[in-house]
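Everything on this sheet refers to the single structure shown next.
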Amino acid sequence: MQSSVTLSLSQPAAASTIPKSNYTVNHSLPFSPSKPINLRFCGLRREAFSGFSSLSRSQPPQSKIHSNKINSAISASLSDNGSAPKSFDYDLVIIGAGVGGHGAALHAVEKGLKTAIIEGDVIGGTCVNRGCVPSKALLAVSGRMRELQNEHHMKALGLQVAAAGYDRQGVADHANNLATKIRNNLTNSMKALGVDILTGVGSIMGPHKVRYGKLDSPGDIVTAKDIIIATGSVPFVPKGIEVDGKTVITSDHALKLESVPDWIAIVGSGYIGLEFSDVYTALGSEVTFIEALDQLMPGFDPEIGKLAQRVLINPRKIDYHTGVFATKITPAKNGKPVTIELIDAKTKEPKDTLEVDAALIATGRAPFTDGLGLDSVHVERKRGFVPVDERMRVLDFKGDPVPHLYCIGDANGKMMLAHAASAQGISVIEQITGRDHVLNHLSIPAACFTHPEISMVGLTEPQAREKAEKEGFEVSVAKTSFKANTKALAENEGEGLAKLIYRPDNGEILGVHIFGLHAADLIHEASNAIALGTRIQDIKFAVHAHPTLSEVIDELFKSAKVKAQVSGPVSEPVAV
């Protein structure tokens, strides 16, 4: 399940700038790698599939992977995991074994660093155990259910299908089994490469020092030249909402699918809320959205959001209340339903009271950073997030980087997506091993796995026009429809739109937004183009197989009207 994207645009004067290539050589470091860099900007590295945070720091470890007792001097368990300097137990210690920590650990070993990773709950973090992975299993079921239930769609394909049904426990087992498989694969991939997995809650005890173990025990201390914080996030529950885990739930509970209520209210219409509305309505529930802002799907490009509402909301058993806060939610008790008290978001006057069978709280996520011991290195959190600069270096209360301390993923709040955490972790390893690297967050794609899907990268049209007004350039928009795509029509899935926001003067891609069949898979051509600084006038000559959905993007780039015809990557720096 994707978390909400919190990418904010900084003021031009304060923005850091980087070259489009993302790379500069740091000549001040004692060495420069001679081998080419091989970055895998993905959520789960391929090692996770080779046969292969909603955590509470008070929870006891559930997976005993490595003994808490280790010798003061630790040698590499495998030759390809490097050897630690004599003055440290490890080259690198990572606190948190989610997707971000896993990606950083594997890249660290690839670069020859002696590495340990600390996990107090289970390997895989939120994404694998309570997020991206199990939610995709549920959405796979909802997609098939929708197709089987759509008599008109089936008839158009010449198919006749009897009434479709489902086994709730079987669906839940599918999600749980997938999470277990991926978790085991991640664990095995790290162990096979010699990453030491230390079980316990990790906290910083000072420069280069990390404690790990149970909270009620002295624990053990390890030292490392560099430390990465990758502790993730947990569901955010606003004040006044009582979560009982049965009738008032978060995404953590919903993914277990212990019940399918007849009527469920979903508080929040972002990625998480939209995906669960897709699941619940496919399985027979009626849904009511409660959104604080004046429109549904506020984080999406407005034009895409409007089309998505027409397809994903209006025809389904979904109603909604916008511009309201849920100030109090009481779980069902003694035969009484869940009650939700609504007030006007602007006037704060009482608006309505709803009675439903269940309520899902999908109001975003909060950083999981309590108890990290950041005060020992003079770091003050901001709204729970660990402050970092564009290189993910942790900043102290004066705004200066803390030497050899980094923070990646949801814990720093730059972009709360699993694959963004992994990319940040890989970027940090590049810096540690002597190759300066700054990640361009505007090149990181995001997706909502509804049916059809929504994906995006870069700026929305309002954001692009605001930027253009400040910096003095023109913005153009190109669009193409899935109804003109042969493969989409063959699938009888012609509902969809792709939108390109660009600079007509130099061909720079500012943003791409897609709503339609397999949109989440189609976005990467655009995101890679932004990351590499490829101009539209060059990428429009790329050849796409016919008939494929990728031709939607091909036609999108070809329809753009660029004034300049000069080839080569965009040379202007971008803000991070």
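Any Cβ shown, glycine's included, is placed from N, Cα and C.
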Exercise. In TrEMBL, Cys132 is listed as disulfide-bonded to which of the following: Cys42, Cys127?
Worked result: Cys127
Seminar exercise, completed: Within 10 Å of Cys127 (disulfide bond) (Cα basis), scanning binding-site residues Gly268, Gly270, Leu274, Met416, Ala418, I find Ala418
For this session: Over all pairs in Gly268, Ser269, Gly270, Tyr271, Ile272, Gly273, Leu274, Glu275, Glu291, Gly364, the listed NAD(+) binding residues, work out the largest Cα-Cα distance in Å.
Result: 15
Seminar exercise, completed: Using DSSP three-state counts, the residues of the domain 'Pyridine nucleotide-disulphide oxidoreductase dimerisation' (444-555) come to 41 helix, 29 strand, 42 coil
For this session: Would you find the one among the recorded positions Cys127, Cys132, Met416, Ala418 whose Cβ has the most company, meaning other Cβ atoms within 10 Å?
Result: Cys127
Problem set entry | Under 8 Å by Cβ from Glu291 (NAD(+) binding site), counting only residues of that chain that are 6 or more apart | Gly268, Ser269, Pro298, Tyr320, His321, Thr322, Gly323, Val324
Problem set entry | Pairwise C-alpha maximum, in angstrom, for the residues (Lys136, Gly202, Thr231, Gly232, Ser233, Asp410, Met416, Leu417, Ala418, His419) that bind FAD according to the record | 30
